[in-house]
Amino acid sequence: SGTFPKMMENTVFMSFTFYSTILILKMYVVAIITGQVRLRKKAFANPEDALRNGGLQYYREDPDVERNLISLFRAHRNDMENIFPFLFLGAIYSLLDPSPAVARIHFFIFCVGRIVHTVAYLLRLKAPTRSVAYGVAQLPCFSMALQILLATTPYW
């Protein structure tokens, strides 16, 4: 009966864990897509990868690959800038004993916003789709941050 089983009883933390795991998996998918783009076009950034996949002639740049990779890298960097803070905020927020329904809405909105943001990046959807998705996903983070600050202010 350590801390971990007790956390498993916290329905808010379990909801946070579910959505966080979905977001981490989404980040892995973006990384896998990056490799698939290179494989499909046979354009490798490293000679050892080219040698393993057909020969040094594939150690080259391809304009389509480069354009796709730029979008993938931007999506991945943006995920790191947003999902990592969410992981901290959501974990601490889960410890504040919020309403499970309200917390689930926070986590769901952030998760859907980040998924739409990535899809908008990868499919090059028309503006302002990506910006709106970004903004919507920030709302629950600001809400959680504010609630954390209000709960911890007496201890500063």
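Glycine is treated like the rest: Cβ placed from N, Cα and C.
Marked as transmembrane segment by TrEMBL: 12-33 (among others). Under 8 Å from some Cβ of the transmembrane segment (12-33) lie the Cβ atoms of residues 72, 75-76, 79-80, 83, 86-87, 90-91, 93-95, 97-98, 100, 103-104, 107-108, 110-111, 114-115, 118, 122, all in the same chain and six or more residues away from its ends.
The transmembrane segment annotation in TrEMBL covers 102-123 (among others). If you look at the transmembrane segment (102-123), the same-chain residues 6 or more away from its ends with a CB under 8 A from one of its CBs are 12, 15-16, 18-20, 22-23, 26, 30, 33, 71-72, 74-75, 78-79, 82-83, 86, 90, 93-94, 129-130, 133-134, 136-141, 143-144.
The transmembrane segment annotation in TrEMBL covers 132-150 (among others).
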